[in-house]
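J.: So Swiss-Prot lists these for the protein:
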- GLU105: active site, proton acceptor (ACT_SITE)
- CYS118-CYS349: disulfide bond (DISULFID)
- CYS125, CYS129, CYS132: [4Fe-4S] cluster binding site (BINDING)
- CYS349: active site, S-methylcysteine intermediate (ACT_SITE)
Amino acid sequence: METTTRKQKKALETKKPSIYSLQLHEMQEWLKEQGEPKFRAGQIFDWLYKKRVKNYEDMTNLSKGLREKLSNSFDITTLNTLVKQTSSDGTIKFLFQLYDGYSIETVLMRHEYGNSICVTTQVGCRIGCTFCASTLGGLKRNLEAGEIVAQVVEVQRALDETNERVSSLVVMGIGEPFDNYDHLMSFLRIVNHEKGINIGARHMTVSTSGIIPKIYKFAEEDLQINFAISLHAPNTELRSKLMPINRAYKLPDLMEAIKYYINRTGRRVTFEYGLFGGENDQVEHAEELAQLLKGVKCHVNLIPVNYVPERDYVRTPREQIFLFEKTLKNRGVNVTIRREQGHDIDAACGQLRAKERKEETR
């Protein structure tokens, strides 16, 4: 439920910090303050991320006193699974309930090269993209780092049943990751750490709608993480129509920030381009996009959009998608069409949560 204001207030009053929010060095510092040896941090991380226990009593190589200190200081964040949808292609979409009653989505996608998870960083979104279900209802709050980490842990628990593992992740779920920058960075470092979830940096991707100051900041981070931009239009006028954020952060300035990122890191960026029938999917749009990206070290990911009942956009015909791709290739752009997954479930970002919220208000 997302209307239980009294319940949310009470939850905030009784909530302890999530232990999943602590990076290893922060855990070591806390242990030092408690008069405990710092090597215990590695043991605690092993229980949390390798054995994935749900309570401190199971941490049997820790003293009873330390377990009590942990229990008094931190919650082991658990997410209540409200809905679990499984697609015919193996994609699984989870609707998780948080401690305060809000709900978020997490998606498990199966590929030939392994299992990938798409995580959420906010409850709702303020960006207001006109094609996205995530922004319906606006932004409620940011997720803590531990709540983002908990999504990976919960999905990994589900995979434990079939002896599988999460091998890669994308930060492309509900919300704008760079609007929750500090918690995002803590999350990335926890899941990347060898004593944490241990997902390689080059197997992680962060996507942004284009918050320019944070792009410059992200360029200075010492992380080899893949970077993606939600572009969706080849010019300022059309992008402002599809994505209101473009009115604050103009496309020319965005491109300058992206070029800075590329020069600073030496890494290629991915441009996500959703195709909306009759809006941005014509040959002239492809030609304009090729011109915009000329000389930019990048890859374009064309996305056949999922239908969202609350939005007016329609899917681009299959033959038009291939023509758009061909036009870009002929002009030297590195481009692929994203494989559709979860097409027979509520796969569009924010769609399952929006559906649940609608049912609650009936």
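Note that Cβ sites are derived from N, Cα and C of the backbone, with glycine treated the same way.
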J.: What whole-number Å value do you get for the CA-CA distance of CYS129 ([4Fe-4S] cluster binding site) and GLU105 (active site, proton acceptor)?
T.: 18
J.: Near GLU105 (active site, proton acceptor), which of the recorded positions CYS118, CYS125, CYS132 can be found within 10 Å, Cα to Cα?
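T.: For GLU105 (active site, proton acceptor), the recorded positions whose Cα atoms are within 10 Å come to CYS118.
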J.: Only counting partners 6 or more residues apart, tell me which same-chain residues put their Cβ under 8 Å from the Cβ of CYS118 (disulfide bond).
T.: THR106, VAL107, MET109, LEU169, VAL170, VAL171, MET172, GLY173
J.: Give the residue from the binding-site residues CYS125, CYS129 that has the most other Cβ atoms within 10 Å of its Cβ, counting over every protein chain displayed.
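T.: When each Cβ's neighbours within 10 Å are tallied, CYS125 leads.
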J.: Using DSSP reduced to three states, classify CYS129 ([4Fe-4S] cluster binding site) as helix, strand or coil.
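T.: CYS129 ([4Fe-4S] cluster binding site) sits in coil per DSSP, no helix or strand.
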J.: Under a three-state reduction of DSSP output, how is CYS118 (disulfide bond) classified: helix, strand, or coil?
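T.: For CYS118 (disulfide bond) - judged by DSSP and reduced to three states - the answer is strand.
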